[in-house]
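Lifted from Swiss-Prot, the feature list:
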SITE      Glu110  site 'Important for acyl-CoA specificity'
ACT_SITE  Cys141  active site, acyl-thioester intermediate
BINDING   Lys162, Ser190, Arg248  substrate binding site
SITE      Ser190  site 'Important for substrate specificity'
ACT_SITE  His234  active site, proton acceptor
ACT_SITE  Glu236  active site
Amino acid sequence: MPLIIPENIPAYELLKEHAFIMGLRRAKHQDIRPQEILIVNLMPKKIETENQILSLLANSPLQVNITLLATTSYVGKNTPFTHLEKFYKGLEEVKKHKFDGAIVTGAPVEQMDFEKVAYWEELLEIFDFLKQNVTSSMYICWGAMAALKYFYGVDKISLDKKIFGVYKHDKVSPDLLLTNLDEKVLMPHSRHSSMDEEQILALQKQGKLKILLRNKKIGSALLRDEKNIFILGHLEYFKETLHQEYVRDNFIQKAKNYYDKKGNIKYNWRSNANTIFANWLNYDVYQSTPFVL
């Protein structure tokens, strides 16, 4: 089944050659209740992030309708305002709706205290809304850090050295989200901060959080509770994304386990990304949501 997006959004041209997508006009003629997914895009380059996430959602056998949400208390300068006006809504516009699933992206603000982020108060309102009106929510990188702080009070810790590269993770707990994954799960990371691992382990002991994937050196990378998925890495990254960040940062720190001996990029996490997103849509969204929202 297709991903339903506007024909004039940039991702449409990117995906139409290799994914099953459908424009809004055609979708209206089908008598199928699609899965309603809200994407809270906190990244500065919103179009790039749209392309990454929509390409993963387009691999699902389910029909998925997308709503894009951006903060209104802070509007960045890296995305054309015309694009935001055409394709994005604010929290007030979506408050009357319920959603089957939501995805909250990362943001390049992890070195700041949460309270100093320009849109922090608005983000707390968004989290309040997701808690009450969404069947299952997925939080990515800084979005996951912010959500762990919001839901469980877990502290963010600044790192002396950036976690940057593609890391192998062990499966810690059995879960449907891990169905059909490799024994060692590869995931890109790009962050200057982490979450307090002792607090996370204590929450797991209390039965509040479940650690699904973990790396011995960098700690927990995929966690969940009954309704929320927390991903501290970037499964959505395209092949070149870490390299582009390496160039942007003036070649300061080379991404680990990312280049082969000849300097070519090893794009070896994509199947894991497709599987986790498909499992989330199937088990946590589709099979858990009521037919009438």
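Each Cβ is built from the backbone N, Cα and C atoms, and glycine gets one as well.
Location within the structure of each feature annotated in Swiss-Prot.
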{"residue": "Glu110", "record": "site 'Important for acyl-CoA specificity'", "contacts (Cβ under 8 Å, 6+ apart)": "Cys141, Trp142, Met145, Lys156, Arg191, His192, Ser193"}
{"residue": "Lys162", "record": "substrate binding site", "contacts (Cβ under 8 Å, 6+ apart)": "Ser190, Arg191, His192, Gln253"}
{"residue": "His234", "record": "active site, proton acceptor", "contacts (Cβ under 8 Å, 6+ apart)": "Gly106, Ile140, Cys141, Met187, Pro188, His189, Ser190, Thr241"}
{"residue": "Glu236", "record": "active site", "contacts (Cβ under 8 Å, 6+ apart)": "Thr49, Gln52, Ile53, Leu56, Ile140, Ala273"}
{"residue": "Arg248", "record": "substrate binding site", "contacts (Cβ under 8 Å, 6+ apart)": "none"}
If you count the other CB atoms within 10 A of the CB of Cys141 (active site, acyl-thioester intermediate), including all protein chains displayed, you should get 27
How would DSSP class Arg248 (substrate binding site) in three states? helix
How far apart, in angstrom, are the most distant Cα atoms among the substrate-binding residues Lys162, Ser190, Arg248? 15
